[in-house]
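Residues or ranges marked as FAD binding site in TrEMBL: R128, P129, Y130, K147, V154, T196. The annotation domain 'FAD-binding FR-type' is assigned in TrEMBL to 72-179. If you look up TrEMBL, you'll see 35-54 marked as transmembrane segment.
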Amino acid sequence: MLRLVIQSRIPCRLSPRLPLCRHASTQRLSARKDWKLPVVGGVFIGLASLYFFLPDPSRSAPTSANKPLSASHFTPATVISNEISGPNSKILKLRVPPHLVIRDENDPIGFGPIWSVFIKDDDIQVERPYTPLESIDENGNMVFWIKRYPKGEVGRWLHSKQVGDTVELRGPLKTWPWDEDKWDEIVLISGGTGITPFYQLLRQVFDHSTSIPQSPSFTLIHSSRTPEEMPPEQILGPLAAYAEKYPNKFRLKLLVDTDDGSQPTTSLPLEVGRVNEQHIKNSLGFSEPTRWQKLFGRKDTCPPIPAKTLFLVCGPDQMVAAVSGPYGRNLSQGPTLGVLGRLGATSKQVWKL
């Protein structure tokens, strides 16, 4: 919350026994002028408060049921299904009229990775970005994995939606520019629902790309708090299939902070622990020195990270900070710190979604 502070330099003349305030000797205002400054200050504070409490331009964007999908206005979408997928999480399917989806002839399946839409909570007029899992199909359907957090107003609101309800969204908005020719290796590090933009990207590459042999190699390292909070089979199933079908192009690593004995959402192997330096090294093919190599003097030093290696990080703020350093001011990228900083990754090789 911003606080506006106005410092008055009016001389203190409450009592002749008290010393005058600073500047009193140089700023002697008449009694007639003294009352004007508090009044002007009050008006200024009122105008400033009005400015800060005006509706955000995006939230006050118009709603249109006839114009094509756009970031400049909200489009009504119908809830098709809203099914529980785990503790505090649901798979939400929304449909917009298919004639409102204008596709590029070079991108017939949607809008390309990675993109999102803003969904507005009509009750309190707050919007938040969400990433569709599988782009948008020919019927105008979009699928989202929505988690309900204690302080997440829009997530809680979406969890309450019933089949047939209307939800307003605006977009698409590009989250990150995808260029398959720029990188040789892409390491995706996610936590919680931060896996959704990476699922969208991998879905595009392995299901709809015509140049898989030429595309970069991917490693996805995903972390959840407990086994039952892992992404649902609807997400992990296709990812496991990609890892099996394209072993030289995609590797999948699943971690949990703690094994509390809860029922996992998947039969895939889970490792207990948080993302650390060794996970990153393994994803890049850096091997640990053997006992004999250590005995004969080899030091456990990490070789330079190849220049055409990219790290994409998405998840809770604490995880992002530990892996790549916190976001900067106003959600800017900020410096590369954390695990990736210690390994020598540069700011050009790290992107925090």
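Quick reminder: no glycine exception, Cβ is built from N, Cα and C everywhere.
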Among the FAD-binding set R128, P129, Y130, K147, V154, T196, as the record gives it, the longest Cα-Cα distance in Å:
17
Residues flanking the FAD site, with Cβ no more than 8 Å from the Cβ centroid of R128, P129, Y130, K147, V154, T196 and excluding those residues themselves:
S116, I119, T131, F144, I146, G155, T193
If you draw a 10 Å sphere around the Cβ of R128 (FAD binding site), how many other Cβ atoms fall inside it, taking every protein chain shown into account?
16
Residues near P129 (FAD binding site) in space but at least six apart in sequence (CB under 8 A):
S116, V117, F118, I119, L173, T175
Counting other Cβ atoms within 10 Å, pick out the least crowded of the binding-site residues Y130, K147, V154, T196.
K147
